[in-house]
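Asks: Right, I'll just put the structure down here and ask away after.
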Amino acid sequence: MLQNVTPHNKLPGEGNAGLLGLGPEAAAPGKRIRKPSLLYEGFESPTMASVPALQLTPANPPPPEVSNPKKPGRVTNQLQYLHKVVMKALWKHQFAWPFRQPVDAVKLGLPDYHKIIKQPMDMGTIKRRLENNYYWAASECMQDFNTMFTNCYIYNKPTDDIVLMAQTLEKIFLQKVASMPQEEQELVVTIPKNSHKKGAKLAALQGSVTSAHQVPAVSSVSHTALYTPPPEIPTTVLNIPHPSVISSPLLKSLHSAGPPLLAVTAAPPAQPLAKKKGVKRKADTTTPTPTAILAPGSPASPPGSLEPKAARLPPMRRESGRPIKPPRKDLPDSQQQHQSSKKGKLSEQLKHCNGILKELLSKKHAAYAWPFYKPVDASALGLHDYHDIIKHPMDLSTVKRKMENRDYRDAQEFAADVRLMFSNCYKYNPPDHDVVAMARKLQDVFEFRYAKMPDEPLEPGPLPVSTAMPPGLAKSSSESSSEESSSESSSEEEEEEDEEDEEEEESESSDSEEERAHRLAELQEQLRAVHEQLAALSQGPISKPKRKREKKEKKKKRKAEKHRGRAGADEDDKGPRAPRPPQPKKSKKASGSGGGSAALGPSGFGPSGGSGTKLPKKATKTAPPALPTGYDSEEEEESRPMSYDEKRQLSLDINKLPGEKLGRVVHIIQAREPSLRDSNPEEIEIDFETLKPSTLRELERYVLSCLRKKPRKPYTIKKPVGKTKEELALEKKRELEKRLQDVSGQLNSTKKPPKKANEKTESSSAQQVAVSRLSASSSSSDSSSSSSSSSSSDTSDSDSG
């Protein structure tokens, strides 16, 4: 029994031993114990085996770092320009979407991408590096841009769309970099008070998000604080439209929730996690899809409202937190803003030049003017031989600075600098280069506007000669005219009267407005400079003045002979013409300030302030004196402006023309001056300061052609007695008009002197008639003699007669 039991129990004993020995055998490896675990593992193996099978494909390497506490960074004007201007322009371009995030070789099925491209780079990484102050110098950032474009050209075929897109972006990049500040300067950074709180919120938001596709997160949007945040938001960037401007309520809600987290692209927000689809490089670029980031823990706000905030917030926050904005001065768009200078006003020609400069810097011409906005940065553009070839660089910003600093004395210096800029471009670049074509286009704009330069810089602000000319200058001009007269004493009296009138007018203007006096002083200095230039230019042909002097002397001799021959005939006419002299009083009322006093300046300015030489209806009856001495028929260029003496002489000569000739004068003025075409030809007032130089020259030629024929008549045909009497009476009328004007102008609103002058005229008319022809000839020989000089010469001649 026991034997049976024992052998029988051995079998179970073995099994029991095995079961009882489970503990000891578990410590040692045994097949039985591991089989269940192997079966269990085998049961799960189909699911687990799929994971390493998917991981056999090459994984994307970690993206480039966007912040490094060990690597020093800083904020410079060039880096800020690259961030605010260059990156902003590239980011919103329609071809920028493939470059906004690192290349996902797994999703795009590019297994060899990271074998060929050893240093990946994208605009999102560059942008985040700029936001995190990762770069020490702008050259590092520019190198990243170049790496990104070079990677695209290396990996893709030249005919691929992505290559054309990269070329377009690179061209825009180079255009913007050309306008970058030339010298790199570090900027002072101010740290906002609440930056730590925002950083804590950002860390909390970032820590609550997990992702299978880890990318570095963006630090706080405050431009100054650097953070190394924990894991980030998994997002996929899609095409987005250009974000609109953020309203203030949205900004407030965003600030209360903390800064939004951005993808590797930093500005364009991405879809929620539910929509994770890769974007291939050659996707449709015409239908952008606006998406937004829904950050866990942030308040519930519409995705559409978060999207523009995420895209626009960093630059807006930086601008609001940074009162100093040096790069704004370097932007091409801000170059049009005219900064008022405190260094005095520009002349008329330089104002025109300043307008040309503004147009060259305007957005209208920016497409082909941008290479000339800033000095050529030879080191940044790799033009190592530029300064060897171009000895005098020039650009529009330098021209603008010189204009604001009043470094240009005249328009010629301004034009020389602009043309130097274009010639430098033509000299350095080959003729078929794009920048040469742009330079030619911009130069066409410049030359077209420069050709419209005002002929006379002082014409737009006409001034009465008595106030505009300083006494010394007026005196010198009067002396030059007195040298041409036949009577020295009469010319001295004329100068004294001129100076008295000028002093009266100057005192009135200075008492009325001090600013106007200051302006007049400036214009007087400019006028002196112009006269000096004209004198220097006109001294080229020296032979002509000598001829004029010889002709003057000959004509003086002829006049003297005429005086002797006519003396007897004048006395015969004394009786019949005695009752006629009182008429000038009526004639003066009809003609106003017309007739023009020889002592009152080139355009017949009266002391009372009336400017202009009137050609009234009654003045058409006046007969002219003979040709004035000292003014010969010298041909002048139409464009050359008239001097003070020439205008004065022309005013006197027009008053000498007979009635039948004045119609032609009016016709010339109306034909050449559009503003006077509708005026009444019966009575037209001429202001020589407003007439074009070409009009004045045409009038001068016509007047000279009329007066040149007069001296020849006495030699060929003797005038009958009747004609001589008519000429005598009209000449006397003209002299009395001059005298009345002088007296009324000096006393200015007093009526007694004109009456005295009339009484004196009536009392001495009998004596003056006898010698009127002699006075007429003397007045014709002295074109600039005044009324007082005429009357004095008349009385002296009557005494001698």
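First residue shown is number 1, and so on along the chain.
The backbone N, Cα and C atoms fix where each Cβ goes, glycine too.
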Asks: Look up region 'Disordered' in Swiss-Prot and report which of 53-73, 179-199 it refers to.
Replies: 53-73
Asks: Given that Swiss-Prot lists Tyr155, Asn156, Lys157, Asp160, Asp161 as binding protein, which residue among Asp112, Asp122, Asp144 does it place in the same site?
Replies: Asp112
Asks: Where does Swiss-Prot put phosphoserine, among Ser512, Ser633, Ser749, Ser780?
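Replies: The phosphoserine feature in Swiss-Prot corresponds to Ser633.
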Asks: Check the candidates Ser305, Ser397, Ser765 against Swiss-Prot and report the one noted as phosphoserine.
Replies: Ser305
Asks: Between the candidate ranges 555-559, 570-574, 750-754, where does Swiss-Prot place the motif 'Nuclear localization signal' annotation?
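Replies: So the range that Swiss-Prot calls motif 'Nuclear localization signal' is 555-559.
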Asks: Could you state, as a whole number of Å, the largest distance between Cα atoms of any two of Asp112, Tyr155, Asn156, Lys157, Asp160, Asp161, the listed protein binders?
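Replies: Largest Cα to Cα distance for the protein-binding set is 20 Å.
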Asks: Would you count the other CB atoms within 10 A of the CB of Tyr155 (protein binding site), including those on all shown protein chains?
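Replies: Total other Cβ atoms inside 10 Å, all chains included: 16.
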Asks: In this predicted model, what is the average pLDDT of the domain 'Bromo 2' (344-453)?
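Replies: A mean pLDDT of 91 is what the model gives the domain 'Bromo 2' (344-453).
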Asks: Are the domain 'Bromo 2' (344-453) and the domain 'Bromo 1' (74-180) close, by which I mean at least 3 Cβ pairs under 8 Å that are 6+ residues apart in sequence?
Replies: yes
Asks: Per DSSP, what is the residue tally for the domain 'NET' (632-714) in helix, strand and coil?
Replies: 52 helix, 3 strand, 28 coil
Asks: Taking the Cβ of Lys157 (protein binding site) as the centre, how many other Cβ atoms fall within a 10 Å radius?
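Replies: Taking all protein chains shown, Lys157 (protein binding site) has 9 Cβ neighbours within 10 Å.
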Asks: Neighbour count, 10 Å Cβ-Cβ cut-off, for Asn156 (protein binding site): what number do you get?
Replies: 16
